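Novice: One structure follows; several queries about it will come next.
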Amino acid sequence: MITAALLGNPNVGKTTLFNYLTGSNQYVGNWPGVTVEKKEGYIDNNIKIVDLPGIYALDTYSNEEKVSKEFLEKGNVDVIINIVDASTLDRNLYLTLQLKQFNKPIILVLNMMDVAKSKGIKIDFQKLESKLGVKVIPISASKGIGLEDVKKLLKSGNFYSLSNENDYHYIEDEKKNYRFIEEVLAEAIVKEKEEGMTIGDRIDSIVLNKFLAYPLFLLILYVIFKLTFTWVGQPLSDLMDEYVIGGVVSLLESLLENSSPWFKSLIIDGIVGGVGSVIVFLPVVMTLFLGISFLEDSGYMARAAFIMDRIMRRIGLSGKAFIPFIIGFGCSVPGIMSARTLESEKDRKLTALLVPLMSCNARLPVYALFASVFFPGKESFVTFSLYLLGIAVAIFIGILFKNTIFRKGEEPFIIELPQYKMPEFKSLMRNTWEKGKGFLKKAGTIIFSMSVIVWLLSNFNFNGMVGMEDSFLAHIGGVISPIFKPMGYGTWQSSVALLTGLMAKEVVVSTMGVVYGADLQNILLQYFTPIAAYSYLVFVLLYTPCVSVIAVMRKEFGSKMMAFSVVYQLILAWIASFLVYNLCSLILG
Amino acid sequence: MSLYDLKPGQQGYIQSVKGDDKLAKRLLALGCIEGTPVKVKLVAPLGDPIVISLRGFDLAIRKRDAKNILLKEVKEA
């Protein structure tokens with residue numbers, strides 16, 4: 001088995017290369033001790049490729065750098081694949097020099113040859129090879145050019161012959177290293193024209209324009225929202241509900257005609273009712289993730305961080321922390337994990353505490369259900385208001401925490417604005433499908449088992465099968481329901497749904513699907529007033545997110561922080577929901 | 001004279017980087033070393049941070065940190 005370490009700066013096409021080389025033969029995990037994602041993949045089961053995090057150097061004190069360095073030292077690496085951006089070679093080669101100190105053969109993959117060409121950069125590959133003592137392969141990953149050559153070389157094993165006789169060795173002096181790179185490049189590169197305004201500059205002059213930046217930013221979010229709820233996601237979900245779930249129910253009803261009532265109830269009310277009520281939201285969830293992946297891949301995310309920095313500073317964070325927030329609209333778990341890239345422990349913690357206030361995908365099914373029942377015709381507006389409320393509360397809590405438990409000086413803010421690029425269709429689909437798969441997996445595991453448990457608890461007590469009003473669930477709900485009385489939804493059913501919703505927020509819907517039965521929409525109208533329904537949604541928005549978030553919080557920051565986040569969000573949700581219910585009741589009478 | 005003093009479109013040559021050790025080390029690794037030409041590209045809508053351009057790529061930094069990137073000469077645009 002050959003082990004190859006894949007390294008490079010951020011935004012140089014590392015992921016594209018990795019995906020090409022390993023196909024679907026990949027495994028995602030975590031580096032031990034630190035919370036940096038570890039990705040491994042295989043070519044033909046005998047070449048292992050380890051995708052190391054995107055970094056600029058090995059010695060500027062980040063976890064990503066520590067992980068990479070340690071792996072290069074102890075991971076039995078046979079060869080280093082160092083992918084670089086051919087259009088900004090000097091900065092990219094700085095890392096290459098640092099990699100040379102490990103005395104391993106290096107394959108230098110020059111990506112973005114097309115961009116370099118358009119910038120008028122001509123590269124003498126042989127010169128580069130001999131000067132640096134590495135093997136050079138030019139590619140254009142986004143156009144699929146040259147990728148096969150990388151694979152071929154790895155398979156042939158010819159990189160072993162690469163000499164390490166090159167006499168330049170990295171030293172602890174940035175200036176000398178850059179001088180060396182400049183000397184090499186002076187011989188190996190010809191720049192035929194001076195750079196004028198690039199297309200990226202033109203886009204930036206609009207996207208980052210003083211007057212247009214924020215309207216455009218809101219427009220982009222609005223379009224993603226519209227796609228999700230009006231144009232694509234929701235209509236597909238409706239179709240799925242009507243034809244797929246409806247079809248399955250009628251099919252099962254005819255199949256189970258002669259089986260015992262309890263079994264029929266378990267299958268139709270319990271499993272289909274529970275899992276089905278969640279699974280119909282798959283198109284909505286995938287559309288939103290598609291939108292977020294598009295932003296991530298296009299290069300816009302860093303721009304958003306740039307224009308939001310000033311605002312984020314008000315709540316004690318940097319613009320970089322804005323990225324976890326946007327990802328948090330998809331799911332809090334990757335949102336919290338992406339806080340890893342922030343500069344200080346305090347930034348990471350504060351961000352992790354606020355990210356769950358961004359309304360994640362899992363909460364959508366709850367909004368969608370309630371909005372369609374209680375606010376027909378105003379679904380988008382109601383849903384959008386909840387997203388805004390989440391943001392407003394995050395700002396408020398951010399300022400509160402900044403001035404109390406998170407007092408600190410400002411951290412430096414530095415972020416590269418990568419070149420814009422058209423996201424590749426394949427990688428978008430891949431990303432979106434991965435997320436969709438996660439959602440389906442959740443539906444098949446947590447939501448499935450919760451549906452069965454809820455069905456059992458709602459149909460039984462110690463005396464056997466009983467009516468729902470006498471069930472275990474009604475008793476459990478009855479115990480906690482007084483907590484929710486002041487907000488207008490003190491029924492045992494709604495209380496139980498909040499409790500089971502801790503497993504995953506979609507479970508709020510699936511639980512209701514089980515306890516209220518098939519005619520959920522009409523039944524809900526009997527149990528909630530519109531104001532109570534909205535204040536219920538406010539609670540769902542703000543209360544402790546699911547077990548996955550609690551688990552990731554513990555993994556990243558320890559038990560104390562986990563406990564704090566659980567408790568503070570419960571209190572926050574209660575207060576906010578209480579205020580909404582009582583103020584709205586007062587005003588609207 | 002520091003990067004802070006440049007207007008958008010103006011270019012200068014770096015003298016040295018001072019201030020916060022961690023940030024200085026990062027800027028050095030990114031190639032902010034003596035003699036490197038650097039340009040202020042644009043200023044954020046709210047006046048801070050700014051986008052600077054060096055060695056063919058763009059970097060966003062805060063004005064406060066731009067004060068720590070000292071320049072030796074300025075090329076008039």
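Using N, Cα and C of the backbone, Cβ positions are placed for all residues, glycine too.
Relevant sequence annotations retrieved from TrEMBL are reproduced here:
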- A:1-160: domain 'FeoB-type G' (DOMAIN)
- A:8-15, A:33-37, A:51-54, A:111-114: GTP binding site (BINDING)
- A:Asn19, A:Gly23: Mg(2+) 2 binding site (BINDING)
- A:Thr22: Mg(2+) 1 binding site (BINDING)
- A:211-231: transmembrane segment (TRANSMEM)
- A:271-295: transmembrane segment (TRANSMEM)
- A:315-338: transmembrane segment (TRANSMEM)
- A:350-375: transmembrane segment (TRANSMEM)
- A:381-401: transmembrane segment (TRANSMEM)
- A:439-458: transmembrane segment (TRANSMEM)
- A:496-518: transmembrane segment (TRANSMEM)
- A:533-553: transmembrane segment (TRANSMEM)
- A:565-588: transmembrane segment (TRANSMEM)
Novice: Name, in order along the sequence, the binding-site residues among A:Gly8, A:Lys14, A:Asn19, A:Thr22, A:Gly23, A:Met112 with a Cβ closer than 8 Å to any chain B Cβ.
Specialist: none
Novice: Hey, what's the Cβ neighbour count for A:Asn11 (GTP binding site) at 10 Å?
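Specialist: 19, counting other Cβ atoms within 10 Å of A:Asn11 (GTP binding site).
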Novice: Would you mind listing, in sequence order, the residues at least six apart from A:Gly23 (Mg(2+) 2 binding site) in the same chain with a Cβ closer than 8 Å to its Cβ?
Specialist: A:Gly41
Novice: Counting Cβ pairs under 8 Å to the transmembrane segment (A:533-553), which of A:315-338, A:350-375, A:439-458, A:496-518, A:565-588 comes out on top?
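Specialist: It is A:565-588, which has the most Cβ pairs under 8 Å.
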Novice: Provide the three-state secondary structure of A:Met112 (GTP binding site) computed with DSSP.
Specialist: coil
Novice: For the transmembrane segment (A:496-518), give me same-chain residues lying six or more residues beyond its boundaries with a C-beta closer than 8 angstroms to one of its C-beta atoms, as numbers and ranges.
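Specialist: Sequence-remote neighbours of the transmembrane segment (A:496-518) are 249, 268-270, 273-278, 281, 360, 362-363, 365-366, 369, 442-443, 446-447, 450-451, 453-455, 458, 468, 473, 476-477, 480, 484, 524, 527, 539-540, 543-548.
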Novice: Compute the C-alpha separation of A:Asn19 (Mg(2+) 2 binding site) from A:Pro53 (GTP binding site), stating it in Å without decimals.
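Specialist: So the Cα of A:Pro53 (GTP binding site) lies 14 Å away from that of A:Asn19 (Mg(2+) 2 binding site).
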Novice: What's the CA to CA span in angstrom from A:Glu37 (GTP binding site) over to A:Thr22 (Mg(2+) 1 binding site)?
Specialist: 17
Novice: Do any residues, 6 or more residues outside the transmembrane segment (A:565-588), come within under 8 Å Cβ-to-Cβ of it, and if so which ones?
Specialist: 352-353, 356-357, 389, 393, 397, 483, 486-488, 531-532, 534-536, 538-539, 541-545, 550, 553
Novice: Going along the chain, which residues at least six beyond the ends of the transmembrane segment (A:350-375) come within the CB cut-off of under 8 Å?
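Specialist: Distal contacts: 229, 234, 237, 277-278, 280-281, 284-285, 288-289, 315-317, 321, 324-326, 328-332, 335-336, 339, 342, 381-383, 386-387, 390-391, 393-394, 397-398, 401-402, 406, 439, 501, 504-506, 508-509, 512, 520-521, 524-525, 528, 530, 533-534, 536-537, 540-542, 544-546, 549, 553, 556-557, 561, 564-565, 568-569.
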